[in-house]
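According to Swiss-Prot, the features are:
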{"type": "BINDING", "residues": "R56, Y192, K198, R319", "note": "substrate binding site"}
{"type": "BINDING", "residues": "K198, H217, D254", "note": "Mn(2+) binding site"}
{"type": "BINDING", "residues": "K198, H217, G233, L234, S235, G236, T237, G238, K239, T240, T241, E282, R319, T444", "note": "ATP binding site"}
Amino acid sequence: MNSVDLTTDLQTLLTGENVQMNLSVPHLVEKILERKEGVLTSSGAVRATTGTYTGRSPKDKFIVEEASTKDKIDWGAVNQPISEAAFDRLYAKVLGYLKERDELYVFEGFAGADEKYRLPITVVNEFAWHNLFARQLFIRPEEHDKKPEEQPFTILSAPHFKADPLVDGTRSETFIIVSFEKRTILIGGTEYAGEMKKSIFSIMNFLLPEQNILPMHCSANIGEEGGTALFFGLSGTGKTTLSADPKRKLIGDDEHGWSSTGVFNIEGGCYAKCINLSEEKEPQIYNAIRFGSVLENVVVDSKTGEPDYSDSFYTENTRAAYPIDAIDNIVKPSIAAHPQTIVFLTADAFGVLPPISKLTKEQAMYHFLSGYTSKLAGTERGITTPEATFSTCFGSPFLPLPAHVYAEMLGRKIDEHGVGVFLVNTGWTGGGYGTGERMSLAYTRAMVQAAIEGELDKAEMRTDRIFGLHSPVHVPGVPDQVLDPAKTWTDENEYEEKAIHLAKAFKQNFKKFSNTENIEKAGGPLV
């Protein structure tokens, strides 16, 4: 099947009588309820459930091995190759399947808030609720927008279509397959809506660096007087909490590009975790869940329609999808100047990293590549011990190119714009998990504020002899003792032992990278 056939077949699909094109939010909600795909909750949001898969299926994700891209992609466990022939066969099957549906829902929009770099996208859905999700998460066209000249990237989403691994070359009945040459993403066998969002992010991670734009898995905000800040961090590090600052406007909560003119949101909405969500803790998210929003896998009372955010019956990974303008305190459009401050968040459950450190460019590149946090792994006897976790560039599942490409771009941009980069430990202090305690949120907020406001630029620093990190001796609003992790432990020898253990884990993890020897030498632990 050549690209001409593919385009013609797609056009035939998109002009079929079963196609519902660019439906409004109320119309989509009507369809969802009519088709019993979801229920209306007391806040007016739609709740849908996703069946077997309540999260992404990374082992079922493939990139087509094509002449134009095969030498650029970092093939391996994250970027698994699949042949063009296998893609073409599956494409024809999915197309045939979608043509036979009684209704299809199509959204035409964009990824990328900066008009110079935005990517036109077309999302074709078997489910009306998936189309509402796409409409709220991606960028909705304005009336004055011209029809894009560039061929859109198309998502064909067929959750009820299941692959046959023996025939189709997939690992299971579920598949997420990207073809860069054919500008198409096939999704089947999973109802989890996040696959659409993250597939578009993955392709932006491939396309943007070609335009000298750094794609980033981070949140971003800006102060009243300017001063853009970026927050990187894996799940549980406090990224959402710390970037939702009432004194600062939100640019975006998850995916951004950094171009020669500044930063821009890749999306037009938010996909927020909502396990244990409360109005007191996260008012921005809580109040954004209203008519037009989508709740995914949240338990809802069948009589009152009240969501129970504390109930993880379906999954811990409950989500809310809503347009960014459901939040009051935002930048419109979602574009801002070059960042002044970058914050890497880590929840160190070993309790050995300083609460805040100012990083050199090389240390910033090292910690960006490392993407460290720790998770608490439960054992059968109920004992929980910390485990070091590393996710390259804080977004390992979404990086098609070799990691050093992203790290080198970050290094160049830090140099060009004189950006202050900080590593902030929101994890444990006074000992590891089980003996120490979680870092006070008030102290973390004070440290982040001091970093963003430039108060640490000329502060007196102490250098950690294990990690080589430079930490301020004083931060307004934080006791001095808290700033030196060794001093918070009752046994400094035990602290040193645990710190060396973590430093070795960093070094072990770094062995997987190529072309990074200089970064490790100048930015890694000293032991």
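Any Cβ shown, glycine's included, is placed from N, Cα and C.
Locations of recorded Swiss-Prot features on the structure.
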residue	record	Cβ contacts under 8 Å, 6 or more apart
Y192	substrate binding site	T50, Y53, T54, G55, R56, S57, E296
K198	substrate binding site	R56, P397, F398
H217	Mn(2+) binding site	F201, F232, D254, E255, C393, F394, G395, F398
G233	ATP binding site	C218, K239, V343, F344, L345, T346, T373, F394, T426
S235	ATP binding site	K273, T373
T237	ATP binding site	L345, T346, A347, T373, T426
T241	ATP binding site	K281, E282, L441
R319	substrate binding site	A193, G194, Y271, A272, K273, C274, L295, E296, N297, V298
Give the residue from the binding-site residues R56, K239 that has the most other Cβ atoms within 10 Å of its Cβ, counting over every protein chain displayed.
K239
Per DSSP (three-state), R319 (substrate binding site) is strand
So how far apart do the ATP binders K198, H217, G233, L234, S235, G236, T237, G238, K239, T240, T241, E282, R319, T444 get, largest Cα to Cα in Å?
29
Could you check what DSSP calls K198 (substrate binding site) once collapsed to helix, strand or coil?
helix
Hey, what's the widest CA-to-CA gap across R56, Y192, K198, R319, the substrate contacts in the record, in Å?
14
Suppose we draw a 10 Å sphere around the Cβ of D254 (Mn(2+) binding site). How many other Cβ atoms does it contain, all chains included?
24
Name them in sequence order: residues not among R56, Y192, K198, R319 whose Cβ is within 8 Å of the mean position of the Cβ atoms defining the substrate site.
G55, A193, G194, E195, K197, Y271, N317
